[in-house]
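Undergrad: Pulled these features from TrEMBL for this protein:
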DNA_BIND  86-129  DNA-binding region
DOMAIN    84-128  domain 'Homeobox'
DOMAIN    131-332  domain 'TLC'
TRANSMEM  37-56  transmembrane segment
TRANSMEM  136-155  transmembrane segment
TRANSMEM  180-199  transmembrane segment
TRANSMEM  266-293  transmembrane segment
TRANSMEM  299-324  transmembrane segment
Amino acid sequence: MFQTFKEWFWLERFWLPPTIKWSDLEDHDGLVFAKPSHLYITIPCAFGLMILRHFFEKFIASPLAKTLGIKEEVRKKIMPNTVLENFFKHSTRQPSQTDIYGLAKKCNLTERQVERWFRSRRNQDKPCRMKKFQEACWRFTFYLLITIAGIAFLYDKPWVYDLWEVWNGYPRQALLPSQYWYYVLEMSFYWSLLFSLGSDIKRKDFLAHVIHHLAAISLMSFSWCANYIRSGTLVMIVHDVADFWLESAKMFSYARWKQTCNILFFIFSTVFLISRLIIFPFWILYCTLILPLHYLEPFFSYIFLNLHLMILQVLHVYWGYFILKMLKRCIFMKDTNTYASWLAGILLCENKSWH
């Protein structure tokens, strides 16, 4: 059964243009073509990034946080109570007055003591600013470095300046080492984020983050297997270029550097709006949706790719709308509480899947 599914899954009509066979993409004459097996390395690389992250947060992010004025929070230990702990974990974190009355009787405590216990217990689960800073600092560092790497990988490629070159010779386009490492680093990072969700700060949109990371990995894997690598690298650089600005704004938000936070969030907003609402639809989507029709008849993977990119563009418009609302409130309406407005925007961004 597995072999039958495998043969069906890799049918050429799903992945390649008509008349093209997998045999046409076999390595020859020193030319290497993208293969699914190339992506296996992203899993061990993801674990390597997780190890690197551990030492980065300990020896770089933590000292930097302290330099910026963030201190380790010492929280008072609460009195162990099995009854209250079980109720907290299995019933609700916010007991009603009736629940408090019953628990107080059961534990031989006053209602005030029960209320204080639940308040202290909830505070224990709140992530400290140091932990938030460490996570934001790690993501900032990766996004900054991968953006620099992406520019270094792409600056001399002809398809960056002439979009017709993206489809010239498709799908018989040999794999370049820079393309290989760009994909491996991006996918490894998203695998590492997925694997570390259990130990990272628990957010309300935990499931949304799981879906986002899986969707990002799936879309990159699909573009790799169908040899949409040239357009795939363009999509990645357009998304990476805004992310490190957001993470830097969050870092200074946690450090409570108000003016710096304001400036960085404004830069992030500008870069996001330009890259996602101008460059992506009028450069990337034009490249993937319109230009291929001059070379090829529409086929399954062409439709699949562009459907996902158009859904992605709808999300860009959706989040761009919220960013513009924040900018309008803070700039044109001259909101007196500017920092609070920027901070609200940053926290909104923190809980959404911008990528």
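Glycine too: its Cβ is placed from the backbone N, Cα and C atoms.
As the structure is a computational prediction, the values presented were derived from the model and not from experiment.
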Undergrad: As a test: from 37-56, 266-293, 299-324, pick the stretch that has the greatest number of Cβ pairs under 8 Å with the transmembrane segment (180-199).
TA: 37-56
Undergrad: Could you pull out which residues elsewhere in the chain have a CB under 8 Å from any CB of the transmembrane segment (299-324), counting only those six or more residues past its ends?
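TA: For the transmembrane segment (299-324), the sequence-distant neighbours (Cβ-Cβ under 8 Å, at least 6 residues beyond its ends) are 13-18, 219, 222-223, 226, 228, 231, 235, 269, 272-273, 276-277, 280-281, 284-285, 288-289, 292, 345, 348, 352-354.
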Undergrad: What are the helix, strand and coil residue counts for the DNA-binding region (86-129) according to DSSP?
TA: 32 helix, 0 strand, 12 coil
